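Student: A single structure is presented below for examination.
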């Protein structure tokens, strides 16, 4: 089911995707006509210029004729000089909608707020531990619930995206994010920790409808020359939310109280009331912003543009909805060996990033006691550098379309950055960690949109939401595993280097898996008309059915 670009290659009869028994439709070919051409002439079907072997059959005979009485939807290129006849069956128009920037902005903003709500507890964990009078494990669960909720909910979420569409999924993500923010506003009392946990659970469910949307939003709304940059921008919103989550809560909710002789904060009643007021300010501010973005989503976030932005999207629009099968889509992805390799390698890279981000404070304080503020700033540096890396990687993909090469190079550089970060921890100069942490974040976070876009290319025409969802699932599972394993290794050996080397070993495995991926740029080839089409006169339904079967072969990236 593929349609070459209308400016470069042949098109397909309208309403009939390739592989259903129809030939490519040339521009200028009139409806309902058939041509019988000399078998040995210079314009014979098997010898015409630029056609290659189109029709299989003997000398003359019915095999060389496509019957006109079939109200033919399958036609051959005209012989001879070929008059430029107006074509009523030209490929569908493609156009870029100005609304695409509004849709991308709205999605990026409510994704930002969702990421902010994920990290807002961890960045001031000591404050919330003291306010709610709970253990550090309770506060950690306020962040861990995001990863735990994602794994079981991703399949119903992707089913909803594939069957009910992009707009409903966006409304659920934005709406649940808004609801969770308002629930937290009712939790600002010391005995209501369970209420803030309930609000965080709602936000974690909203995340399931958010993390997998960058690729679908970019593919549905943006053209071939900007789709990777759009995907990187959508991912950027989530990363920016994490950065704001590191930066803003310590400002809005500063630690209060006096130190007692045990080194712990001892709050007076006045300090407790002031702390509750500050937390209220942060929660209500988040709730109002989330509500505003939800209303914007309702008003301005549309399902799709009036015209498809690319030929690849035009092909998908022509597919009858009843032909889609959610189970078949999952099965097709499971059988796709390149995607399976990418799934594991993406999970390793992103899971390692989650682990480093979670344990960064513990790693740095092992060597630099009392540097909590700088540890947070290093985390902020890591995220901001990653945002720059994401945008640059997206721009580079749109310019070069070298998906495998770029993905592999960034993976290798991330591995090198992890080694440098590991072996510069104990130099005694914390300023060095700002530099090495920035390098690590630039490449590790820059890899995120690369993985999404590479997956869409090698799995087209399967759902972008499904491929992105499975990638995120692998990342969440391995992120939990790496966090627990790295934390235990660091504790057992009392050495952050040991835990980091554990991650380096896994990242080296990821490099090997990435190198083994066979790169078939299916979506790119459709958009640019680089798809090879071999048409053979093979009956589809019966012996007398005159419609030939179309065989489509996709060029790999190495042949471009």
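Cβ atoms are placed via backbone N, Cα and C, with glycine included.
Values in this document were obtained by computation on a predicted structure and should not be read as measured data.
Heads up, here are the entries from TrEMBL:
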DOMAIN    103-522  domain 'Major facilitator superfamily (MFS) profile'
REGION    1-53  region 'Disordered'
TRANSMEM  101-119  transmembrane segment
TRANSMEM  139-161  transmembrane segment
TRANSMEM  192-213  transmembrane segment
TRANSMEM  282-301  transmembrane segment
TRANSMEM  337-356  transmembrane segment
TRANSMEM  376-397  transmembrane segment
TRANSMEM  409-432  transmembrane segment
TRANSMEM  438-456  transmembrane segment
TRANSMEM  468-486  transmembrane segment
TRANSMEM  498-517  transmembrane segment
Student: Are there residues at least six beyond either end of the transmembrane segment (192-213) with Cβ under 8 Å to its Cβ atoms? List them, or say none.
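Tutor: Those are 107, 110-111, 114, 117-118, 121, 132, 134, 138, 141-142, 145-146, 148-150, 153-154, 157-158, 160-161, 166, 169-170, 172-177, 179-184, 186, 234, 238, 465, 468-469, 472, in sequence order.
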Student: Could you name the stretch, out of 101-119, 139-161, 282-301, 376-397, 498-517, with the greatest number of CB pairs under 8 A to the transmembrane segment (468-486)?
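Tutor: It is 139-161, which has the most Cβ pairs under 8 Å.
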Student: Give the nonlocal contacts of the transmembrane segment (409-432) in its own chain as ranges (CB under 8 Å, at least six residues past its ends).
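Tutor: Hits for the transmembrane segment (409-432): 345, 349, 352, 363-364, 366-368, 371, 374, 378, 393, 439-440, 442-444, 446-447, 450, 496-497, 500-501, 503-504, 507-508, 510-511, 514.
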Student: Assess whether the transmembrane segment (438-456) lies in contact with the transmembrane segment (101-119), where contact requires at least three Cβ pairs under 8 Å among residues 6 or more apart in sequence.
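Tutor: When sequence-distant Cβ pairs are counted, the transmembrane segment (101-119) does not touch the transmembrane segment (438-456), since fewer than 3 lie under 8 Å.
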Student: Limited to the domain 'Major facilitator superfamily (MFS) profile' (103-522), I'd like the whole-number average of pLDDT.
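Tutor: Residues in the domain 'Major facilitator superfamily (MFS) profile' (103-522) carry a mean pLDDT of 83 in this prediction.
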